[in-house]
Every structure is written in structure tokens, then in C-alpha cells.
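Asks: Sharing the features that TrEMBL gives for it:
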TRANSMEM  33-57  transmembrane segment
TRANSMEM  77-94  transmembrane segment
TRANSMEM  101-123  transmembrane segment
TRANSMEM  143-160  transmembrane segment
TRANSMEM  186-208  transmembrane segment
TRANSMEM  214-235  transmembrane segment
TRANSMEM  340-362  transmembrane segment
TRANSMEM  382-401  transmembrane segment
TRANSMEM  422-441  transmembrane segment
TRANSMEM  461-480  transmembrane segment
TRANSMEM  501-525  transmembrane segment
TRANSMEM  545-567  transmembrane segment
REGION    577-597  region 'Disordered'
COMPBIAS  587-597  compositional bias 'Low complexity'
Amino acid sequence: MEMNEEAYTLDGTVDRHGQPAIRGRTGTWVSGILLLVNQGLATLAFFGVGVNLVLFLTRVLGQDSAAAANNVSKWTGTVYIFSLLGAFLSDSYWGRYKTCAIFQAVFVVGLVLLSISTTLFLLKPSGCGDEETPCGSHSTFHIVFFYLAIYLVALGNGGYQPNIATFGADQFDEEDPKEGHSKIAFFSYFYLALNLGSLFSNTILGYFEDQGMWALGFWASTASGVGALVLFLIGTPRYRHFEPKGNPLSRFCQVLVASTRKWKVERTQGEENLFEVDNKESAMNGDRKILHTDGFRFLDKAAIITPKNYAKQGKKFYGRNPWRLCTVTQVEEVKCILRLLPIWLCTILFSVVFTQMASLFVEQGAAMKTKISNFNIPAAGMSSFDILSVATFIFLYRLVLDPVVARIKSKPKGLTELQRMGVGLVIAILAMVAAGVVEVLRLKDAKKDCPNCVNASSLSIFWQVPQYMLIGASEVFMYVGQLEFFNGQAPDGLKSFGSALCMTSISLGNYVSSLLVSIVMRISTRDDMPGWIPGNLNKGHLDRFFFMLAALTTADLVVYIICAKWYKYIKFEGRKGADDNSDNGQAEAAAAAEHRV
């Protein structure tokens, strides 16, 4: 019995056997929920290692604070570098499923080795590693074993992260209206799962590790990582897949070389002399053709048909050299990435604001009144309000704001991704203003005449709640919008690369933040002034740094608006309604080109 055509997905996905995916047996929320839980467990495992790694290096390995902070920065940066490697392998050769499985396995191996090295080698004497009892010295072998373990964790998580979000989105057919809506919603719930996983590791696991129970914390992370991998593999029969499209670097280089070779060829108006494969060939490759756009017109020369590009036999053309003649879709891939880069650059400053939550917000909180009765509130624990804000605003946006805006605009979708990212920048500005105002109030209540009260203020730490809540709200608009935007706007062969752009913007945000702090301290430190961000915040002006970030983000918002207005959305040709006369069209275009030349 032949399967009805409508039973298959329309976006070109295949099942694990390489056959067209059947809608009722693959993908949708059955696969999506498995991947959301997988993401939550994997995030819990990763942050179970990362959240207190700086304390582990100081208390267990005996490093000083500066060396430990530097090593953690290198480790974190390596995670994001490996994200580009994972995206490249996924888009080019392995596909997203295989890439996720392999890197998750590497991640688990790293967690197991870390737990073993901590239990057997590093926590000596027994009970060391808490705030009072430092551990003894360790052999070179033990140190090398430890670093091998944590860098395997970095490799595994880095290669897995940019692919899992895109692989989850692959489970929904964007050509189907109902599944297309679910695909958009998936990114919000994906970011929610990430935050819930980090909430558990930042609170429960972070508490045990802070008390010196490092082995328990790392083994719990290992168990969570193993559970994530098992859940991922359980869904194997159900997943939908996009086949890898080959090395994108060679395709990019072909466009640049072909357009440079034809720099003297005149580019006439119209698209009739631009080369594109026929619809049948495109369908066999599982590709969607990208419609031609204006802009970067020099690159269009790579697709201009000239007599030198083809050997003609009748109305058919053979022997195309891709280094001399590229398809319109191939040219548009390059244009697409060039258009994405300015938008991506504008998101880096938002990441600078976001990173303050894990650094200067914590220092500010530690300099405030942190005791309620006999209970001491850890300054880092205030990030829980950020996670609660993320969860709240995800549901508010999906259930309230998006439907209301869609009704006002009389469209099925509310704010566009670019509009949401702009809203995220606006809220980030408000967060920095709120943090600056709190610092002004904190300094007013600082105990400056108490010589033993370093970094003390009578202002309650709960005054920080608004700035954490605003950061959480801005994340929902910016980072979820980024995930949707880069996934939707990246060409079919570069979807994982689009997700990796989100991770690299966070990484660069960390580096830019460190650079800004260094510059500010160098400029603001004088003989009679300790600078804006000294060791004792009561003697500095952290408020000015926050207000400076608000001003920089405002300038970034202006540039972003200009870039967003300039940006042209990618347009794919529909998979149905193929033109069977494309061969004749190509023949006529080549003949016209031959006549002109």
C-alpha cells in the first residue's frame, strides 16, 4: 500500500534510515520533550562542574585567586571555541544527531574522569576542600589527569550545545502551520530548560560543593550527564534529520573566487542570466533554493553564465566548474552570512551586560546586608531571581504578549525576532540603570567610619532583585530571539553555525567585559583615587561603571536599529510547484550570455 504524500514532512527531513520522514511516526513534541529534558540534565551536569570551579582550584589545588580565575576564564573560553568545531562537523559531515551523540559521550567520559580523579587523588587528606581545610600537594600526574578531565568536559559540552537546539527545532516541520508554530515555541522552552538545569546546579549542587563535598557534587553531575545521554539515545527511532550539506568553507571560497574571476563581466538587471540548478536536482539533494536578493551585487557575478562556464550540447549544459560558476543559492548563502554579522556584532554588548550578573552583581551583593535573622544569603544565590524571571517572562510572552501583539498586527505572529532582540537591548539598559541606582543607595548607607567593616553597607541585598529580574526579562527577548533568528535566517547547510553564533557572542561578551574593566581601572585610578572598581567597593564608584554600560548599550541600540532596518530576511523557494522548464530557462540564459559576450 502506497503512503499518501501528505503523510510525509514537507521540509526535506528524513528518518534514521535516510527515507523521507513520516509525519505521524517521527518528530513533534514526542522528540522535542525528550530533547528538552536532555538539555536540562546536561546543563545541570555542566554547571555542576563550572559553577564552583574557581573555588575547587583554590581550595583543592591550592591556586591563588588570580591564577584560578584566569584558568576558569580559559576553560570557559575553550567551551565556546569547541562550539564552533561542533557546528562545523555537524553542518559539514556528521549531521546533528551523530554530532550530539559523540560529543555527549565525550562529555560523560570527562565527567567520569573528573569524579574519579577527585575521589581517588585530589581530596587528600579526607575531608579537605572546605573553607577551613585546604588540601595537600598533588603530583604532576594527578594535576594532568584533572585538567584532561575538565577539558574533555569542555570539549563535550562545547560540541554538543550549538547542535542540540537546532536538532530540537529539526523535529518540527516549518512548512506545516501547526508544527511551524511549535518550532518557534521550542526555542523558548529550550532556554527555560537550560535555566532550570542551571538553577538546580547553582543552588543544591553549589551548596554541597561549597561545604567541601566535591566528590558528591561531581558524581551527581556525572549521573545527570549519563541520564541525559541515555534519554537522547532512547529517542533515536523517533528523530527527524537533515542531511549534512558538505564543507561550507569551500562553497564560500568558490563564490569569492568565481566573482573575482568575473570582475570585468557586466552585471545586467534581472535574474535571467544567473545560474541555478533545476528543482528536481535541488529536491534530490534535500536543499531549498534561496531566492535572489539585491545587495552585495559584486557577488552576483559568481552566478553569471558565460560561454566559458559550460560545455554545451544541444539544450543541455555539462561540466560546470564550481570555481567559475556558482548557483544563486550558493551566492545567497554568502550574502546571508554577511548580513547576519552586523546583527551578531550588536548582540555582543548585550552579553557584556549579561556577564555582570556573574561578576560585579555578585561583588555588589557581597558588599550589602546579606543576613536575615541568623541566615546568611550568598550573593551568588541572587541569580535565582534571574532564573525565576526567565521562567515567568517566557510564559508571559508566549501566552499573553505574543497573542495580543499578533491580534493588534492582524498577523499570525507577534513581534519579529529582530524586534524582540531590540526590546531585549532596551530592558538591558534599564537593568544597568537599576544596578547603578542601587549602588548609589548602597554607597549612601556604607559604613565608611567603621575600620573593620570592609565592603559593608546596611542596605539589604534584596534591593538587587529588580536588576536581576530585568536581566532575566531581557534574556527572554534577546537570547531566545537570537536562537530563533539565527536558526531561521541561517541557510540550510549552516543551521548549527547559526546556533554557535549565540554562544560565541556570550564568549566575546566575557572578554569585552574584562577589557572594559581593565580600561576603566587604568583610566580612573589616580594617586588619590583607587578607581571605580577597587577591592573595597565603598571607596570606589561601581555606579559609574553601570551607568557607563547603560550609555554604551544605548549607543549599541541605535546601531542595532540601523542594522535591523538594513537587514533583508532570507527567502526560500517553496518545495512545491517546481518549474519543469528550468532546463530550457538555463539554456536560454546561456545562449543570451553567449550572444552578449
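Backbone N, Cα and C atoms are what each Cβ position is placed from, and that goes for glycine too.
Automatic prediction, not curation, is the source of TrEMBL annotations.
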Asks: Taking pairs 6 or more apart in sequence, does the count of Cβ pairs under 8 Å between the transmembrane segment (501-525) and the transmembrane segment (214-235) hit 3 or more?
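Replies: Judged by the Cβ rule, the two regions do not touch, with the required three close pairs absent.
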Asks: Would you kindly list the residues that approach the transmembrane segment (186-208) from elsewhere in its chain, counting only those six or more residues past its ends and only Cβ-Cβ distances under 8 Å?
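Replies: Answer is 32, 35-37, 39-48, 51-52, 165, 168-169, 171-172, 216-217, 220-221, 380-381, 383-384, 387, 390-391, 394, 397-398, 475-476, 479-480, 483-484, 487.
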Asks: Do at least three CB pairs under 8 A connect the transmembrane segment (422-441) and the transmembrane segment (382-401), leaving out pairs fewer than 6 apart in sequence?
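Replies: Since fewer than 3 Cβ pairs under 8 Å link them, the transmembrane segment (382-401) and the transmembrane segment (422-441) do not come into contact.
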Asks: For the transmembrane segment (422-441), find every same-chain residue at least 6 residues outside the stretch whose CB is under 8 Å from a CB in it, and list them.
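Replies: Answer is 346, 350, 353-354, 356, 361, 364, 415, 459, 463-464, 466-467, 470-471, 473-479, 481, 542-544, 546-547, 549-550, 553-554, 556-557, 560-561, 564.
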Asks: So, do the transmembrane segment (340-362) and the transmembrane segment (545-567) meet, by the test of 3 or more Cβ pairs under 8 Å (sequence gap 6 or more)?
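Replies: They are in contact.
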Asks: By a Cβ-Cβ criterion of under 8 Å, what residues six or more beyond either terminus of the transmembrane segment (143-160) are in contact with it?
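Replies: For the transmembrane segment (143-160), the nonlocal Cβ contacts are 42, 46, 49, 53, 61, 75, 78-83, 85-86, 89, 99-100, 102-111, 113-114, 117-118, 121-122, 503.
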